[in-house]
Amino acid sequence: MSQFFEAATPVAIPTNNTNGGSSDAGSAATGGAPVVGTTAQPTINHRLLLSLKEAAKIIGTKGSTISRIRAANAVKIGISEKVPGCSDRILSCAGNVINVANAIGDIVDVLNKRNPENEDAAEGEAEEHYYFHFLNHILPAPSKDEIRDLQQLEDIGYVRLIVANSHISSIIGKAGATIKSLINKHGVKIVASKDFLPASDERIIEIQGFPGSITNVLIEISEIILSDVDVRFSTERSYFPHLKKSSGEPTSPSTSSNTRIELKIPELYVGAIIGRGMNRIKNLKTFTKTNIVVERKDDDDKDENFRKFIITSKFPKNVKLAESMLLKNLNTEIEKRENYKRKLEAAEGDATVVTERSDSASFLEEKEEPQENHDNKEEQS
C-alpha cells in the first residue's frame with residue numbers, strides 16, 4: 001500500500017490577545033499567519049542546506065521575504081554568505097521550538113510557489129541536477145498515487161535539515177521505530193543521507209511533505225534533539241560551504257595553515273557558554289565562521305576547574321572575533337550571577353533589619369509600660 005501524504009495544520013502556542021481581536025490563526029500552509037509562541041519554550045537552532053536559487057527565493061526582493069518570515073514568527077534567520085564557486089548556502093533559524101518549526105514551514109511554502117509567468121523555467125528548476133550531490137533530492141518526487149487530492153500535488157515540498165551525526169541515531173530510533181512513527185503520524189517521508197557533508201560530522205535529514213506536516217514533524221525532531229543527552233560536542237565539526245582543493249579533497253577547518261587560539265573557561269560557566277542543546281556555541285561558530293572545539297575533561301586533568309575551548313579558522317580576524325565574543329559571553333554570565341548573588345544578599349539583609357526593628361519596637365513597648373504605671377502612682381499620691 002502506498003504512503004499517503006497528509007496535510008496538517010501546524011501546532012502553535014496561543015498568544016495572549018491584548019488587542020481585543022481573535023486569537024485564532026493558522027499558518028502559511030493553511031492561508032493565515034502562524035501563531036507565535038510568547039510563553040517560555042525550549043530554543044533550537046536548525047540549519048538548512050539550500051541551493052543558490054532557493055536562497056535567493058527565500059531572501060526575496062531587497063530581503064522582503066526573509067524579513068517577513070522573521071517578523072511573523074519571532075525568530076532569528078540568517079543565510080550564509082555566497083562563496084564564489086560554491087552552489088550551496090546555509091540557512092540558520094533560531095528561536096523557540098514551535099516558532100522555528102513554523103518559520104521553516106513558511107520557507108517550504110515560499111519554495112513551493114511557482115512563477116505563473118514562466119512555467120517552463122519552474123519545471124526546469126525543479127528537475128535541475130547539481131554537481132554538489134547533497135543538493136539533489138534523496139527522495140523521489142511524489143506520485144499521483146501517494147496523494148488523495150491531486151490539486152495539492154504542487155503543495156508538497158522538501159527540507160534538507162542539517163543534523164549532527166550524534167543525533168541521527170536518536171531520530172531514527174531502535175530498528176527505525178522512531179522515524180517510522182514520525183512518518184506514519186504526520187504523513188511525510190523522511191530519509192537520512194548515508195554520506196557526511198564535506199569536512200564535517202553532519203548529515204542531511206530530508207523531509208518531504210506539506211508545509212504544515214513538515215512543521216509538525218520538525219517540532220518532534222527538535223524535542224528529540226534537545227532531549228538527546230549523549231552528545232559528543234567536543235569532536236563534532238559543523239559544515240560550511242567551501243571549495244575543494246585541487247586534489248579533490250575538501251578543505252578542512254583544521255588544516256595546519258589555520259589560526260588557533262586556546263581559552264580556558266571556568267568549569268562553572270561551561271554549560272552556560274555552550275547553551276542548551278549547544279545552541280549558543282553553534283550560533284557563535286556560525287556567526288564567526290570558525291570551528292570551536294570544547295575538550296572533554298580527563299580524570300587526570302590538572303586543571304579540573306577549567307575547560308579548554310579551541311578556536312580555529314583560516315582567517316585570523318574570525319578567530320579574534322570568536323575569542324572576544326566568547327569572553328564577552330563569559331563576562332556577561334559572571335556579572336549576571338554576581339548581580340543575582342548581590343540581590344539575594346540584599347534581600348537577606350533587609351529581612352534581618354526588619355526583624356531587628358520589630359524586636360526593638362517590642363522592647364521599647366515593654367519598657368514604656370512600667371513608666372506609665374509609675375506616673376499614675378505619683379498622680380494618685
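Just so you know, glycine gets a Cβ as well, placed from its N, Cα and C.
Record note: of S27, S64, S313, S362, Swiss-Prot gives the feature phosphoserine to S362, with no matching annotation on the rest. According to Swiss-Prot, of the candidate residues S80, S234, S238, S360, the site noted as phosphoserine is S360. Here Swiss-Prot gives region 'Disordered' for one range in the set 1-34, 239-272, 273-306: that range is 1-34. Of S87, S170, S358, the one with phosphoserine in Swiss-Prot is S358, while the others lack that note in the record, though it may still apply to them.
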